[in-house]
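Asker: Dropping a structure here in structure tokens format, bear with me for questions.
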Amino acid sequence: MENKQCDHLTDWFSTTSDASESMDTTPPLPPPTPSVDPSYSGAAADEDLYSDISEGDLEYSDCDSASESDEDDDDCLIPSKEKAREVAASFGYTVIKTLTPGSEGRVMVATKDGQPEPVVLKIGQKGTTLIEAMMLRNVNHPSVIQMKDTLVSGAITCMVLPHYSSDLYTFLTKESRRIPIDQALIIEKQILEGLRYLHAQRIIHRDVKTENIFINSVDQVCIADFGAAQFPVVEPADLGLAGTVETNAPEVLARAKYNSKADIWSAGIVLFEMLAYPSTLFEDPPSTPEEYVKSCHSQLLKIISTLKINPEEFPRDPGSRLVRGYIEYSRLERKPYTRYPCFQRVNLHIDGEFLVHKMLAFNAAMRPSAEELLSYPMFAQL
């Protein structure tokens, strides 16, 4: 990147999204609202909350060639493959393919007599899958996956979802190259439009990542997999761990209070991965759920070290867990709110780098909302 651009970025990055450091507020929730059981807090124990640690959620595996261990993978949340196929058949569906299961249930591509278009069935225990289904039933936006139907058989809930050709992770892997800036901005705009809508409904997704962005084409993208979503959230709250460590925001990793700004951080990681493929900001993801929980501390240290977070970029609240636990690891060699040095190695387009930098503001109060980001010139002109 030319020095002229670097100087421009430094000036650009010295500004913040808002004059104040108060978290954004969202408008009241319009009816209808998800009818979630009042006894459900949505904040389970840390070790139970990592809802999806798969890579390439839409990677296909032949139904008849699945590993034997997969057959035995039926714990209290995931029905066995045979049971899931029986449930699908009882509703008139013929399973074509099985997809990588999440922790909430089996995922299968299926067709129904008289309906040639394939659909995706997400089949799981009623408690967890039904909560996700009730949430999706009450949302309606082109950038959020649309639930076609909810079917119940005993203790099993089956969600019927549209079938997309790929997820963004698989799309990037197959393309094996960076997505051009104009296409990446079109995709990111749809993601942010979906988040703006969800946040206005007081829903935070909590697991925005390339695996959970479904795509048919550059201009047909949606946010999917609401197994980790939380409702209702406006003010920062103690919501526990959820999602995926390498895309979690600092405040989530620190187990501090957080709100919708956590989704903005994750969407910033998605944009970076589109523009910098195959480079990633934070390498070496853990491989087991236990390692995910244990690695929150090391991941947060990695963020501070990689981005060279200045102490002035920490939240102003001295009682914040992020401040109390991690400000001692901050770095002084980089001035606050200036370009992250690690961006130099990937040579991002200036518009893309500006957006990623804004979305990866370490202090959530300085992170723009989806509404603010969509007002930026690079999106307004699309």
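One is the number of the first residue shown, and numbering goes on along the chain from there.
Placement of Cβ uses the backbone N, Cα and C atoms for every residue, glycine included.
Among the features that Swiss-Prot reports, compositional bias 'Basic and acidic residues' is placed at 1-10. The annotation compositional bias 'Acidic residues' is assigned in Swiss-Prot to 45-75. Feature annotation from Swiss-Prot assigns domain 'Protein kinase' to 93-379. Residues or ranges marked as ATP binding site by Swiss-Prot on the basis of sequence analysis: Leu99, Thr100, Pro101, Gly102, Ser103, Glu104, Gly105, Arg106, Val107, Lys122. As annotated by Swiss-Prot, active site, proton acceptor applies to Asp207, with the evidence given as sequence analysis.
Let's see these features in context: how buried, what's close, how far.
Answerer: Under the DSSP three-state reduction, Pro101 (ATP binding site) is assigned to strand.
In the three-state DSSP classification, Asp207 (active site, proton acceptor) falls within coil. Packing around Asp207 (active site, proton acceptor) is summarised by its Cβ count: 26 other Cβ atoms lie within 10 angstroms of its Cβ, all protein chains included.
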Asker: How far is it from Pro101 (ATP binding site) to Asp207 (active site, proton acceptor), counting Cα to Cα, in Å?
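Answerer: Asp207 (active site, proton acceptor) has its Cα 16 Å from the Cα of Pro101 (ATP binding site).
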Asker: Out of Leu99, Val107, which of the binding-site residues has the smallest number of neighbouring Cβ atoms within 10 Å?
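Answerer: Counting other Cβ atoms within 10 Å of each of the binding-site residues Leu99, Val107 gives the minimum at Leu99.
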Asker: Would you mind checking how many other C-beta atoms are within 10 angstroms of the C-beta on Gly105 (ATP binding site)?
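Answerer: So the Cβ neighbour count for Gly105 (ATP binding site) comes to 24.
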Asker: Given Asp207 (active site, proton acceptor) and Gly105 (ATP binding site), what distance in Å do their CA atoms have, once rounded to a whole number?
Answerer: 16
